[in-house]
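Accompanying notes for the structure given below.
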(Lines of atoms letter the chains of each structure in order from A; the text may use other names.)
(Lines give C-alpha, C1' and ligand atoms only; values in the text may rest on other atoms or scores of the structure.)
Protein backbone atom coordinates (compact mmCIF):
# COMPACT_ATOMS: atom_id res chain seq x y z
CA UNK A 1 0.00 0.00 0.00
CA UNK A 2 2.89 2.33 0.85
CA UNK A 3 4.41 1.74 -2.58
CA UNK A 4 1.06 2.40 -4.31
CA UNK A 5 0.89 5.72 -2.43
CA UNK A 6 4.48 6.44 -3.44
CA UNK A 7 3.60 5.76 -7.09
CA UNK A 8 0.60 8.10 -6.84
CA UNK A 9 2.70 10.80 -5.15
CA UNK A 10 5.43 10.75 -7.82
CA UNK A 11 3.12 10.48 -10.85
CA UNK A 12 1.40 13.85 -10.47
CA UNK A 13 1.23 17.25 -12.15
CA UNK A 14 4.78 16.99 -13.52
CA UNK A 15 3.78 14.03 -15.72
CA UNK A 16 1.21 16.22 -17.54
CA UNK A 17 3.93 18.68 -18.62
CA UNK A 18 6.40 15.96 -19.63
CA UNK A 19 5.16 15.26 -23.22
CA UNK A 20 5.72 18.91 -24.24
CA UNK A 21 9.20 18.88 -22.64
CA UNK A 22 9.99 15.58 -24.46
CA UNK A 23 8.98 17.08 -27.81
CA UNK A 24 11.06 20.23 -27.19
CA UNK A 25 14.27 18.36 -26.24
CA UNK A 26 14.06 15.42 -28.71
CA UNK A 27 13.17 11.81 -27.93
CA UNK A 28 16.69 10.35 -27.55
CA UNK A 29 18.03 13.10 -25.26
CA UNK A 30 14.77 12.98 -23.27
CA UNK A 31 14.90 9.22 -22.76
CA UNK A 32 18.57 9.24 -21.66
CA UNK A 33 18.01 12.17 -19.26
CA UNK A 34 14.80 10.62 -17.88
CA UNK A 35 16.58 7.31 -17.14
CA UNK A 36 19.59 9.04 -15.57
CA UNK A 37 17.47 11.35 -13.38
CA UNK A 38 15.31 8.38 -12.34
CA UNK A 39 18.48 6.56 -11.21
CA UNK A 40 19.70 9.66 -9.33
CA UNK A 41 16.32 10.07 -7.63
CA UNK A 42 16.32 6.41 -6.55
CA UNK A 43 19.84 6.81 -5.11
CA UNK A 44 18.87 9.84 -3.01
CA UNK A 45 15.68 8.03 -1.89
CA UNK A 46 17.90 5.31 -0.36
CA UNK A 47 19.93 8.10 1.32
CA UNK A 48 16.78 9.48 2.96
CA UNK A 49 15.71 5.98 4.16
CA UNK A 50 19.20 5.52 5.67
CA UNK A 51 19.00 8.91 7.42
CA UNK A 52 15.52 7.99 8.76
CA UNK A 53 16.97 4.80 10.30
CA UNK A 54 19.89 6.77 11.82
CA UNK A 55 17.44 9.34 13.26
CA UNK A 56 15.32 6.54 14.80
CA UNK A 57 18.46 5.05 16.36
CA UNK A 58 19.46 8.43 17.83
CA UNK A 59 15.98 8.95 19.34
CA UNK A 60 16.03 5.44 20.83
CA UNK A 61 19.54 6.03 22.22
CA UNK A 62 18.44 9.28 23.89
CA UNK A 63 15.39 7.58 25.44
CA UNK A 64 17.52 4.67 26.75
CA UNK A 65 20.07 7.12 28.15
CA UNK A 66 17.32 9.11 29.87
CA UNK A 67 15.83 5.92 31.31
CA UNK A 68 19.24 4.81 32.54
CA UNK A 69 19.89 8.24 34.09
CA UNK A 70 16.52 8.06 35.87
CA UNK A 71 17.35 4.56 37.16
CA UNK A 72 20.76 5.78 38.37
CA UNK A 73 19.13 8.68 40.23
CA UNK A 74 16.62 6.35 41.85
CA UNK A 75 19.21 3.76 42.94
CA UNK A 76 21.83 6.21 44.23
CA UNK A 77 21.69 9.80 45.32
CA UNK A 78 25.49 10.15 45.37
CA UNK A 79 25.98 11.36 41.81
CA UNK A 80 29.19 13.29 41.14
CA UNK A 81 29.14 16.76 39.52
CA UNK A 82 31.13 15.50 36.55
CA UNK A 83 28.38 12.94 35.70
CA UNK A 84 25.69 15.62 35.80
CA UNK A 85 27.63 17.77 33.35
CA UNK A 86 27.81 15.00 30.74
CA UNK A 87 24.53 15.92 29.06
CA UNK A 88 25.67 15.82 25.47
CA UNK A 89 24.97 12.56 23.60
CA UNK A 90 28.47 12.30 22.15
CA UNK A 91 30.13 12.71 25.55
CA UNK A 92 27.83 10.08 27.03
CA UNK A 93 28.70 7.75 24.16
CA UNK A 94 32.34 7.97 25.22
CA UNK A 95 31.59 7.03 28.84
CA UNK A 96 29.07 4.19 28.40
CA UNK A 97 29.88 0.74 26.95
CA UNK A 98 28.25 0.22 23.54
CA UNK A 99 27.72 -3.53 24.11
CA UNK A 100 25.20 -2.92 26.89
CA UNK A 101 23.13 -0.73 24.56
CA UNK A 102 23.23 -3.34 21.82
CA UNK A 103 22.15 -6.06 24.23
CA UNK A 104 19.18 -4.01 25.40
CA UNK A 105 18.17 -2.73 21.99
CA UNK A 106 19.29 -5.88 20.13
CA UNK A 107 19.39 -5.48 16.33
CA UNK A 108 16.38 -3.14 16.29
CA UNK A 109 18.25 0.05 17.17
CA UNK A 110 18.02 1.16 13.49
CA UNK A 111 14.43 -0.03 12.95
CA UNK A 112 12.24 2.68 11.37
CA UNK A 113 9.24 2.74 13.70
CA UNK A 114 8.93 6.47 14.42
CA UNK A 115 8.07 9.01 11.74
CA UNK A 116 10.91 11.54 11.57
CA UNK A 117 10.16 14.27 9.03
CA UNK A 118 12.88 15.84 6.88
CA UNK A 119 12.86 19.04 8.93
CA UNK A 120 13.41 17.08 12.15
CA UNK A 121 16.27 15.13 10.53
CA UNK A 122 17.81 18.42 9.38
CA UNK A 123 17.67 19.79 12.94
CA UNK A 124 19.23 16.56 14.28
CA UNK A 125 22.10 16.27 11.80
CA UNK A 126 22.73 19.81 10.43
CA UNK A 127 24.06 22.94 12.13
CA UNK A 128 21.93 26.10 12.39
CA UNK A 129 22.94 27.38 8.92
CA UNK A 130 22.14 24.00 7.39
CA UNK A 131 18.70 23.92 9.04
CA UNK A 132 17.87 27.43 7.77
CA UNK A 133 19.03 26.51 4.25
CA UNK A 134 16.87 23.38 4.38
CA UNK A 135 13.75 25.37 5.29
CA UNK A 136 14.56 28.01 2.67
CA UNK A 137 14.82 25.28 0.01
CA UNK A 138 11.58 23.52 0.99
CA UNK A 139 9.70 26.84 1.21
CA UNK A 140 10.84 27.89 -2.29
CA UNK A 141 9.82 24.46 -3.63
CA UNK A 142 6.35 24.68 -2.04
CA UNK A 143 5.91 28.23 -3.41
CA UNK A 144 6.72 26.87 -6.88
CA UNK A 145 4.25 24.02 -6.33
CA UNK A 146 1.48 26.44 -5.37
CA UNK A 147 2.24 28.74 -8.34
CA UNK A 148 2.01 25.74 -10.72
CA UNK A 149 -1.30 24.68 -9.16
CA UNK A 150 -2.68 28.22 -9.17
CA UNK A 151 -1.89 28.54 -12.90
CA UNK A 152 -2.87 25.01 -14.02
CA UNK A 153 -6.51 25.19 -12.88
CA UNK A 154 -7.39 28.56 -14.54
CA UNK A 155 -5.47 27.52 -17.73
CA UNK A 156 -7.53 24.32 -18.02
CA UNK A 157 -10.80 26.17 -17.38
CA UNK A 158 -9.88 28.92 -19.87
CA UNK A 159 -8.93 26.46 -22.63
CA UNK A 160 -12.07 24.36 -22.23
CA UNK A 161 -14.63 27.17 -21.82
CA UNK A 162 -13.14 29.53 -24.43
CA UNK A 163 -13.03 26.75 -27.01
CA UNK A 164 -16.65 25.74 -26.37
CA UNK A 165 -18.11 29.25 -26.39
CA UNK A 166 -15.80 30.76 -29.01
CA UNK A 167 -15.77 30.44 -32.79
CA UNK A 168 -13.61 27.30 -32.72
CA UNK A 169 -15.97 24.80 -31.12
CA UNK A 170 -14.00 22.06 -29.29
CA UNK A 171 -10.83 22.76 -31.28
CA UNK A 172 -8.19 23.10 -28.57
CA UNK A 173 -5.90 20.53 -30.13
CA UNK A 174 -6.46 21.23 -33.84
CA UNK A 175 -3.24 23.18 -34.29
CA UNK A 176 -4.79 26.63 -33.92
CA UNK A 177 -2.34 28.79 -32.00
CA UNK A 178 -4.18 31.06 -29.59
CA UNK A 179 -2.84 34.33 -28.25
CA UNK A 180 -3.79 35.70 -24.86
CA UNK A 181 -5.37 38.69 -26.62
CA UNK A 182 -7.78 36.53 -28.70
CA UNK A 183 -11.46 36.88 -27.86
CA UNK A 184 -13.04 34.36 -25.49
CA UNK A 185 -16.61 35.51 -24.72
CA UNK A 186 -17.65 38.63 -26.55
CA UNK A 187 -15.37 41.50 -25.51
CA UNK A 188 -13.56 39.39 -22.89
CA UNK A 189 -10.11 38.21 -24.02
CA UNK A 190 -8.56 34.83 -23.14
CA UNK A 191 -6.13 36.43 -20.66
CA UNK A 192 -9.07 38.19 -18.96
CA UNK A 193 -10.91 34.85 -18.68
CA UNK A 194 -7.77 33.25 -17.22
CA UNK A 195 -7.47 36.00 -14.59
CA UNK A 196 -11.16 35.77 -13.73
CA UNK A 197 -10.76 32.03 -13.14
CA UNK A 198 -7.60 32.68 -11.10
CA UNK A 199 -9.50 35.18 -8.93
CA UNK A 200 -12.35 32.67 -8.42
CA UNK A 201 -9.84 29.89 -7.63
CA UNK A 202 -8.09 32.12 -5.05
CA UNK A 203 -11.37 33.17 -3.41
CA UNK A 204 -12.66 29.58 -3.22
CA UNK A 205 -9.50 27.76 -2.10
CA UNK A 206 -7.44 30.58 -0.57
CA UNK A 207 -9.41 30.72 2.73
CA UNK A 208 -8.36 27.11 3.48
CA UNK A 209 -4.82 28.45 4.05
CA UNK A 210 -6.12 30.24 7.16
CA UNK A 211 -7.36 26.96 8.72
CA UNK A 212 -6.05 23.44 9.23
CA UNK A 213 -6.78 20.94 6.49
CA UNK A 214 -6.59 17.19 6.99
CA UNK A 215 -6.19 15.02 3.88
CA UNK A 216 -8.96 12.41 4.10
CA UNK A 217 -8.51 8.84 2.95
CA UNK A 218 -11.56 9.01 0.65
CA UNK A 219 -10.33 12.19 -1.05
CA UNK A 220 -6.99 10.47 -1.74
CA UNK A 221 -8.74 7.38 -3.15
CA UNK A 222 -11.01 9.50 -5.37
CA UNK A 223 -8.21 11.65 -6.81
CA UNK A 224 -5.97 8.58 -7.34
CA UNK A 225 -8.77 6.81 -9.20
CA UNK A 226 -9.44 9.86 -11.40
CA UNK A 227 -5.72 10.24 -12.12
CA UNK A 228 -5.38 6.64 -13.27
CA UNK A 229 -8.50 6.77 -15.44
CA UNK A 230 -7.20 9.99 -17.08
CA UNK A 231 -3.64 8.72 -17.72
CA UNK A 232 -4.79 5.34 -19.09
CA UNK A 233 -7.38 7.06 -21.30
CA UNK A 234 -4.75 9.41 -22.77
CA UNK A 235 -2.32 6.54 -23.53
CA UNK A 236 -5.08 4.39 -25.12
CA UNK A 237 -6.48 7.28 -27.22
CA UNK A 238 -2.99 8.18 -28.48
CA UNK A 239 -2.23 4.52 -29.32
CA UNK A 240 -5.55 4.17 -31.20
CA UNK A 241 -4.78 7.30 -33.21
CA UNK A 242 -1.26 6.03 -34.03
CA UNK A 243 -2.55 2.55 -35.01
CA UNK A 244 -5.07 4.12 -37.40
CA UNK A 245 -2.28 5.97 -39.19
CA UNK A 246 -3.52 9.38 -37.98
CA UNK A 247 -0.31 10.17 -36.09
CA UNK A 248 1.12 13.60 -36.92
CA UNK A 249 4.21 13.67 -34.71
CA UNK A 250 7.71 13.67 -36.15
CA UNK A 251 9.91 14.30 -33.10
CA UNK A 252 13.57 15.08 -33.52
CA UNK A 253 16.29 13.02 -31.82
CA UNK A 254 17.95 15.88 -29.97
CA UNK A 255 17.45 19.60 -29.43
CA UNK A 256 19.85 20.95 -26.84
CA UNK A 257 17.85 24.15 -26.32
CA UNK A 258 15.02 22.16 -24.71
CA UNK A 259 17.19 20.38 -22.13
CA UNK A 260 16.84 23.10 -19.47
CA UNK A 261 13.06 22.75 -19.20
CA UNK A 262 13.19 18.97 -19.60
CA UNK A 263 15.66 18.74 -16.71
CA UNK A 264 13.37 20.76 -14.42
CA UNK A 265 10.28 18.80 -15.46
CA UNK A 266 12.03 15.43 -14.89
CA UNK A 267 13.34 16.47 -11.46
CA UNK A 268 9.86 17.71 -10.52
CA UNK A 269 8.29 14.50 -11.86
CA UNK A 270 10.47 12.23 -9.66
CA UNK A 271 9.97 14.25 -6.47
CA UNK A 272 9.02 12.18 -3.42
CA UNK A 273 11.96 12.62 -1.00
CA UNK A 274 10.18 15.18 1.21
CA UNK A 275 7.25 12.78 1.79
CA UNK A 276 9.22 9.54 2.35
CA UNK A 277 8.90 9.55 6.18
CA UNK A 278 5.09 9.45 5.88
CA UNK A 279 5.22 6.70 3.23
CA UNK A 280 7.98 4.40 4.51
CA UNK A 281 7.36 4.48 8.30
CA UNK A 282 3.93 2.70 8.29
CA UNK A 283 5.28 -0.22 6.18
CA UNK A 284 5.52 -3.18 8.61
CA UNK A 285 8.25 -5.25 6.93
CA UNK A 286 11.07 -3.02 5.74
CA UNK A 287 13.69 -5.67 5.01
CA UNK A 288 13.41 -5.34 1.21
CA UNK A 289 12.20 -1.73 1.10
CA UNK A 290 15.04 -0.56 -1.18
CA UNK A 291 14.29 -3.31 -3.74
CA UNK A 292 10.58 -2.50 -3.72
CA UNK A 293 11.30 1.22 -4.13
CA UNK A 294 13.56 0.31 -7.09
CA UNK A 295 10.65 -1.64 -8.63
CA UNK A 296 8.45 1.45 -8.12
CA UNK A 297 10.99 3.62 -9.96
CA UNK A 298 11.26 1.15 -12.87
CA UNK A 299 7.46 1.12 -13.24
CA UNK A 300 7.30 4.94 -13.08
CA UNK A 301 10.09 5.21 -15.67
CA UNK A 302 8.21 2.83 -18.00
CA UNK A 303 4.97 4.76 -17.44
CA UNK A 304 6.55 8.19 -18.16
CA UNK A 305 8.22 6.80 -21.31
CA UNK A 306 4.95 5.29 -22.56
CA UNK A 307 2.97 8.49 -21.89
CA UNK A 308 5.58 10.75 -23.51
CA UNK A 309 6.37 8.59 -26.56
CA UNK A 310 2.69 8.05 -27.44
CA UNK A 311 2.21 11.84 -27.09
CA UNK A 312 5.15 12.98 -29.26
CA UNK A 313 4.29 10.54 -32.08
CA UNK A 314 0.54 11.20 -31.92
CA UNK A 315 0.66 15.03 -31.96
CA UNK A 316 2.81 17.52 -33.84
CA UNK A 317 5.36 19.35 -31.69
CA UNK A 318 3.69 22.73 -32.22
CA UNK A 319 0.25 21.41 -31.19
CA UNK A 320 1.34 19.78 -27.90
CA UNK A 321 -0.08 21.79 -25.00
CA UNK A 322 1.77 22.62 -21.75
CA UNK A 323 -0.95 20.63 -19.96
CA UNK A 324 -1.14 17.41 -22.01
CA UNK A 325 -4.78 16.67 -21.05
CA UNK A 326 -5.88 19.70 -23.13
CA UNK A 327 -4.82 17.95 -26.35
CA UNK A 328 -7.77 15.60 -25.91
CA UNK A 329 -10.47 18.28 -25.89
CA UNK A 330 -10.57 18.21 -29.72
CA UNK A 331 -13.60 16.59 -31.44
CA UNK A 332 -11.34 14.88 -34.00
CA UNK A 333 -9.35 13.08 -31.28
CA UNK A 334 -12.36 11.92 -29.29
CA UNK A 335 -15.99 12.28 -30.27
CA UNK A 336 -17.52 11.48 -26.84
CA UNK A 337 -18.21 14.86 -25.12
CA UNK A 338 -18.03 13.42 -21.59
CA UNK A 339 -14.47 12.09 -22.11
CA UNK A 340 -13.40 15.41 -23.68
CA UNK A 341 -14.65 17.40 -20.69
CA UNK A 342 -13.34 14.85 -18.18
CA UNK A 343 -9.79 15.06 -19.58
CA UNK A 344 -9.93 18.83 -20.16
CA UNK A 345 -11.08 19.49 -16.60
CA UNK A 346 -9.08 16.66 -14.97
CA UNK A 347 -6.38 19.01 -13.53
CA UNK A 348 -9.12 21.20 -12.03
CA UNK A 349 -10.47 18.37 -9.85
CA UNK A 350 -7.19 16.77 -8.74
CA UNK A 351 -5.13 19.96 -8.26
CA UNK A 352 -7.92 21.76 -6.40
CA UNK A 353 -7.90 19.04 -3.72
CA UNK A 354 -4.09 19.27 -3.30
CA UNK A 355 -3.79 23.09 -3.21
CA UNK A 356 -5.07 23.64 0.38
CA UNK A 357 -2.92 20.78 1.74
CA UNK A 358 0.29 22.18 0.22
CA UNK A 359 -0.65 25.71 1.32
CA UNK A 360 -1.08 24.55 4.95
CA UNK A 361 2.25 22.64 4.74
CA UNK A 362 4.02 25.80 3.52
CA UNK A 363 2.39 27.93 6.23
CA UNK A 364 3.53 25.46 8.92
CA UNK A 365 7.09 25.49 7.52
CA UNK A 366 7.16 29.30 7.80
CA UNK A 367 6.03 28.99 11.43
CA UNK A 368 8.71 26.38 12.19
CA UNK A 369 11.45 28.47 10.57
CA UNK A 370 10.78 31.51 12.79
CA UNK A 371 9.79 29.55 15.90
CA UNK A 372 11.84 30.12 19.04
CA UNK A 373 11.89 27.61 21.88
CA UNK A 374 9.05 28.28 24.31
CA UNK A 375 7.77 31.28 22.33
CA UNK A 376 4.31 31.76 20.82
CA UNK A 377 3.11 34.04 18.02
CA UNK A 378 0.56 36.86 18.48
CA UNK A 379 -2.90 35.99 17.08
CA UNK A 380 -2.55 38.40 14.10
CA UNK A 381 0.82 36.96 13.07
CA UNK A 382 -0.32 33.34 13.54
CA UNK A 383 -3.73 33.58 11.84
CA UNK A 384 -3.27 36.43 9.33
CA UNK A 385 0.40 37.15 8.49
CA UNK A 386 1.64 33.58 7.94
CA UNK A 387 -1.35 32.50 5.78
CA UNK A 388 -1.09 35.78 3.79
CA UNK A 389 2.63 35.37 2.99
CA UNK A 390 1.81 31.78 1.98
CA UNK A 391 -1.03 32.62 -0.40
CA UNK A 392 -0.16 35.98 -2.01
CA UNK A 393 3.23 35.25 -3.75
CA UNK A 394 2.12 32.15 -5.77
CA UNK A 395 -1.12 33.88 -6.83
CA UNK A 396 0.89 36.92 -8.02
CA UNK A 397 3.24 34.63 -10.01
CA UNK A 398 0.23 32.87 -11.57
CA UNK A 399 -1.30 36.29 -12.36
CA UNK A 400 1.87 37.33 -14.23
CA UNK A 401 2.44 34.09 -16.18
CA UNK A 402 0.63 30.88 -17.05
CA UNK A 403 3.58 29.26 -18.83
CA UNK A 404 3.33 25.94 -16.99
CA UNK A 405 6.33 24.31 -18.66
CA UNK A 406 8.62 27.12 -17.47
CA UNK A 407 7.08 27.19 -13.97
CA UNK A 408 7.56 23.43 -13.57
CA UNK A 409 11.04 23.64 -15.13
CA UNK A 410 12.31 26.43 -12.86
CA UNK A 411 10.76 24.93 -9.68
CA UNK A 412 12.30 21.54 -10.45
CA UNK A 413 15.68 22.87 -11.57
CA UNK A 414 16.27 25.03 -8.49
CA UNK A 415 14.30 24.10 -5.36
CA UNK A 416 13.63 20.56 -6.61
CA UNK A 417 17.34 20.08 -7.24
CA UNK A 418 18.07 21.00 -3.62
CA UNK A 419 15.39 18.74 -2.12
CA UNK A 420 16.03 15.78 -4.42
CA UNK A 421 19.86 15.77 -4.57
CA UNK A 422 21.69 18.09 -2.17
CA UNK A 423 19.67 17.65 1.05
CA UNK A 424 19.51 13.79 0.92
CA UNK A 425 23.28 13.62 0.17
CA UNK A 426 24.10 15.90 3.13
CA UNK A 427 21.67 13.95 5.35
CA UNK A 428 23.39 10.66 4.45
CA UNK A 429 26.86 12.12 5.07
CA UNK A 430 25.99 13.81 8.41
CA UNK A 431 23.93 10.87 9.71
CA UNK A 432 26.81 8.44 9.00
CA UNK A 433 29.21 10.74 10.86
CA UNK A 434 26.83 11.08 13.82
CA UNK A 435 26.17 7.31 13.94
CA UNK A 436 29.91 6.59 14.15
CA UNK A 437 30.35 9.18 16.92
CA UNK A 438 27.44 7.91 19.02
CA UNK A 439 27.54 4.14 18.44
CA UNK A 440 31.16 3.57 17.43
CA UNK A 441 32.75 2.86 14.06
CA UNK A 442 31.81 -0.85 14.09
CA UNK A 443 28.03 -0.22 14.15
CA UNK A 444 26.23 -0.93 10.86
CA UNK A 445 22.93 0.73 9.96
CA UNK A 446 20.61 -2.07 8.80
CA UNK A 447 19.02 0.36 6.28
CA UNK A 448 22.37 1.54 4.91
CA UNK A 449 22.02 2.66 1.29
CA UNK A 450 23.28 0.26 -1.42
CA UNK A 451 25.30 3.31 -2.54
CA UNK A 452 27.26 3.25 0.71
CA UNK A 453 30.62 4.35 -0.68
CA UNK A 454 31.38 8.03 -0.04
CA UNK A 455 32.03 8.39 -3.79
CA UNK A 456 28.26 8.36 -4.43
CA UNK A 457 27.63 11.21 -1.98
CA UNK A 458 30.38 13.30 -3.61
CA UNK A 459 28.98 12.39 -7.07
CA UNK A 460 25.44 13.52 -6.11
CA UNK A 461 26.73 16.78 -4.61
CA UNK A 462 28.86 17.59 -7.69
CA UNK A 463 25.92 16.73 -9.95
CA UNK A 464 23.52 18.89 -7.91
CA UNK A 465 25.80 21.96 -7.85
CA UNK A 466 26.72 21.60 -11.55
CA UNK A 467 22.99 21.47 -12.39
CA UNK A 468 22.50 24.81 -10.62
CA UNK A 469 25.32 26.33 -12.69
CA UNK A 470 24.11 24.77 -15.97
CA UNK A 471 20.48 25.87 -15.56
CA UNK A 472 21.45 29.41 -14.49
CA UNK A 473 23.92 29.78 -17.40
CA UNK A 474 21.28 28.48 -19.82
CA UNK A 475 18.69 30.99 -18.58
CA UNK A 476 21.18 33.90 -18.76
CA UNK A 477 22.30 32.94 -22.28
CA UNK A 478 18.76 32.48 -23.61
CA UNK A 479 17.66 35.82 -22.06
CA UNK A 480 20.66 37.63 -23.58
CA UNK A 481 19.76 36.20 -27.04
CA UNK A 482 16.22 37.56 -26.65
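Any Cβ shown, glycine's included, is placed from N, Cα and C.
Feature annotations, courtesy of TrEMBL:
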type: DOMAIN; residues: 6-52; note: domain 'Amino acid transporter transmembrane'
type: TRANSMEM; residues: 27-57; note: transmembrane segment
type: DOMAIN; residues: 119-463; note: domain 'Amino acid transporter transmembrane'
type: TRANSMEM; residues: 125-144; note: transmembrane segment
type: TRANSMEM; residues: 194-213; note: transmembrane segment
type: TRANSMEM; residues: 225-242; note: transmembrane segment
type: TRANSMEM; residues: 262-280; note: transmembrane segment
type: TRANSMEM; residues: 292-313; note: transmembrane segment
type: TRANSMEM; residues: 338-362; note: transmembrane segment
type: TRANSMEM; residues: 455-477; note: transmembrane segment
Taking 3+ C-beta pairs under 8 angstroms (sequence gap of 6 or more) as contact, is the transmembrane segment (194-213) in contact with the transmembrane segment (338-362)? yes
For the domain 'Amino acid transporter transmembrane' (6-52), residues assigned helix / strand / coil by DSSP: 44 helix, 0 strand, 3 coil
Does the transmembrane segment (225-242) come close to the transmembrane segment (338-362), meaning at least 3 CB pairs under 8 Å for residues 6 or more apart? yes
Checking distant contacts: for the transmembrane segment (125-144), what same-chain residues at least six beyond its ends satisfy Cβ-Cβ under 8 A? 51, 54-55, 118-119, 274, 358, 361-362, 365-366, 368-369, 393-394, 397, 407, 410-411, 414-416, 418-419, 422-423, 426-427, 430-431, 434
